[in-house]
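Step one of this worksheet: look at the structure below.
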Amino acid sequence: MAAVATKAFWSQPDPDDPLSQALQPPPNESPEDRAARIRQQEDAIRVSKEIDDEIAIAKRAYERRKKAIKILLLGQAESGKSTTLKNFQLAFSPQHFHKERSAWKTIIQLNLIRNIKRLLEVLQEEWESSLQTTTPASIAKGKGVAGRTPTSPGVRFSTSPLTDNHRRIRMRLSALLPIEDELMKKLLPDGAAAVKDVCVRAGSGWKGILTALSANTSTLGPVTPAKPQLQLVSAMKGGSNPSSRPGTADAAKFKDNPTAVLAACKDDIVTLWEDPIVRGVLKKHNVRLQDMPGFFLNDAGRVAAMSYEPTDDDIVRARVRTLGVEEHHFTMESGALPGTEWYIYDVGGSRSVRQHWIPYFDDVQAIIFLAPLAFNLTLEEDPKVNRLEDSITLWREVCTNALLAKTTLILFLNKMDILQATLASGIRVVKYVPSYGDQPNDITHVTKYFRDKFRGYHKRLSPKARPFYWHETSVIDTRSTAAILVGVREGILRAHLQSVNVI
């Protein structure tokens, strides 16, 4: 049999087999044709082996993925999903986390520029809302622009406490706005002008884009003229020379170098933010910039420095909105079962993208549901809908879903720091949630009230009984969140091992 096996299979063709006949070499085959045919056969064998190897690799990857732990982060927009993901990476996969530090530097700078942009918008609103026209009566009373008395009727003037110095600072800080536009075009080329937040599209490779940008701008020197802000504003607007125009080399250099522009504007940023008159204007317009996601104005002196390098806390606090579903794969570097592979899916929370959640429901071991106790706020995409009511509605849908009957649900009552500040400012829950009644307006009673609501829906609506896991969190607090995530990880691991009959 061995001797037969070593012969070419066409040496004894079966006259009744058409395929055998078709595979026979031509009767008058030349040596050159024979060599070409043999090369083709060898190439076919090689390609076939490559396909087999790829199938084997894909099969092993599929088996590894089946054994991996998969977590879905759910919650409305701005609930803290991406921040929770960063906390996971920082706590359990720090090497992976630190590799992305340079990309996050640019995001943090963008966050700061967004803070400044909003501050400048409020100042502009103040100037516009305080404009009046002089009348004989106002002239008689001496009312005019801060410190100056109008002398003739019909002159428009401002009654705002803001001064000409505030206007000059605002003009200089306007050099930051082209920076934002340029960076957003790089991050979201198809819709940079249509969004109000720092947004990235899932799967776009945005971290690689920003890492490369950071590497390029780090080689550019700082702006060091006597009046750097004036040089920047001039460059951004086309220069002081009448023949110059936007788009010059200097302007392009500045637009691609947020570090240099922020460093040049640092003193103005700090001066404007710490100005008590500006703080009064913000309070008058009921604007609390410190409640914005990605707020860095309190750290402007550090973030706007040429030598700035983001800390772990900075990266966790950084705000970026994900459009679409982003898959994050990393390996646990410490703790129980190091080397375990984890997949965490970060999905957009806006109402328009929630239909994309369902395909991920049947292949996850756990869902971390983030519900900020923002009882006094409304959704950005629908100001008529209370944020907390929307979270409870989403929670009910998740608890009811039959695909998630065996999935561990973990509730994060998030942004407890903001809840504490809201209650401390005197805002009463009963004004927004009449069913709260006359219970004490303190964090202990408020938290218990809403926690019991979530627990009740979990118990009544789950297809079958399952434990109720919940945590009070402020996910921008990396230390306390790390301690919570250790417990969450151990619980998920235990449930996963039980599901595969290991324990």
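For all residues, glycine too, the Cβ spot is worked out from N, Cα and C.
Fair warning: this is a prediction, and the values are worked out from it, not measured in the lab.
The stretch that TrEMBL tags with region 'Disordered', taken from the ranges 1-36, 37-72, 325-360, is 1-36. Looking at 138-162, 238-262, the stretch flagged in TrEMBL as region 'Disordered' turns out to be 138-162. It is 23 Å from the Cα atom of Thr322 (Mg(2+) binding site) to that of Met416 (GTP binding site). The Cβ of Lys415 (GTP binding site) has Gly80, Pro372, Leu373, Ala374, Thr473, Ser474, Val475 as same-chain neighbours under 8 Å, each 6 or more residues away in sequence.
The GTP site is defined by Asn414, Lys415, Met416, Asp417, and by the 8 Å test on Cβ atoms against their centroid, the other residues of the chain that qualify are Gly80, Pro372, Leu373, Leu413, Ile418, Leu419, Gln420, Glu472, Thr473, Ser474, Val475. Counted within 10 Å of its Cβ, the other Cβ atoms near Met416 (GTP binding site) come to 20, all protein chains included. Counted over every protein chain shown, other Cβ atoms within 10 Å are most numerous around Asn414 among the binding-site residues Thr322, Asn414. Long-range Cβ contacts of Asp417 (GTP binding site) within its own chain (separation 6+, distance under 8 Å): Ser474, Ile476, Asp477.
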